[in-house]
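For reference, the structure discussed in these notes is given below.
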Amino acid sequence: MSPPPCQRSSMTKKMKKLKSVCGPASPPELNKAKKALAKKETKENIKKARRDTLDPEKSSSTSTLDLLKQNLEKEIANKAGSDNDDVEIELNLMVCGSEDEESRSVTYEELRQRLRRKIEAMSSARNNSNPEKHDKEKDRLEHRERKRKRLAGSEDVRKLKEDKFTDNVQKDTTEAAKELTFGHVKLGDDDDQSGKKKRKLSKVKELERARKLEEAKKDPEKGEVIAKKHSWKAATSRAAGIKIHDDPKLLDKSLKKEKKTHENSADKWKDRIETQRKKVTEKQQKRADNIKDRKEQKRERKIAKREKKLLRPGFEGCKDQPLNGAKA
């Protein structure tokens, strides 16, 4: 007697649930001997497959020779003209070379060399078959070479011009330096022939010399000669650009002005020194006062802290009368 449909459906669900929990049935496990044998067979198959790939007699349908043939056929398809027949003949010869030459086997390097030679022959034939394109390429290369030479020539010309301009500037500078004239010209006086450099006299000595010269000019016998000689010498010195201080009045005025300037500078310097001294004194006094104030504040803080520590509420305090004194 079969169970009702509702019970069958519930049993089916329970079986599915049980299968999902337990998982699919696992295949029977192999023992160690069978596992080792299977592993050995796998290694042998791999070695055999590698040897077959390297053996040209047992090569697969897509061998290196077939790949070279396919590439060569693609190259031939792009070429035009009568080269197609020659290429096919050469290709058939390359493929069937092993059949014609039974005494020698064709190697991979020989096939590569044949292919390279054939590609070179095809490229040369293509250039010869398209002379216009070859001429255009040649003209383009020649134009590029001419442009490069022209640029190099322009660069050389520019450098040559710059060097020439620099030489001209240096030459002009040298010539201009030769033609320069200076204010102090040596006129060949007897006093300047010694070669020693004269020291510049102070204005005090120049004033003394000017006064002596004025007194010498007042001499009735030699005064006129001395005056002429001095005037000639002063004129030549002024022409050479040298200042002549022979006027006693101007020298005296200049000395008084310098003396007054020096006195004013001395007074200013004295005031500056005095001001600095006052500032230093004020700063030192202020520092001393600040130190004194800090000491006083610190002492007061200590006293206040000590009094606060001694006071106890209900025990210490200042009273005018005793606690048990008579009432008034």
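For all residues, glycine too, the Cβ spot is worked out from N, Cα and C.
What TrEMBL says about this protein:
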- 38-58: compositional bias 'Basic and acidic residues' (COMPBIAS)
- 131-144: compositional bias 'Basic and acidic residues' (COMPBIAS)
- 152-178: compositional bias 'Basic and acidic residues' (COMPBIAS)
- 203-227: compositional bias 'Basic and acidic residues' (COMPBIAS)
- 243-299: compositional bias 'Basic and acidic residues' (COMPBIAS)
- 300-311: compositional bias 'Basic residues' (COMPBIAS)
- 29-57: domain 'Ribosomal RNA-processing protein 14 N-terminal' (DOMAIN)
- 1-66: region 'Disordered' (REGION)
- 119-328: region 'Disordered' (REGION)
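Note on the domain 'Ribosomal RNA-processing protein 14 N-terminal' (29-57): its mean pLDDT in the predicted model is 82. Each residue of the compositional bias 'Basic and acidic residues' (38-58) gets a DSSP state, and the totals for helix, strand and coil are 20 helix, 0 strand, 1 coil.
Here the compositional bias 'Basic and acidic residues' (203-227) has, by DSSP, the following mix of helix, strand and coil residues: 20 helix, 0 strand, 5 coil. Here the compositional bias 'Basic and acidic residues' (243-299) has, by DSSP, the following mix of helix, strand and coil residues: 52 helix, 0 strand, 5 coil.
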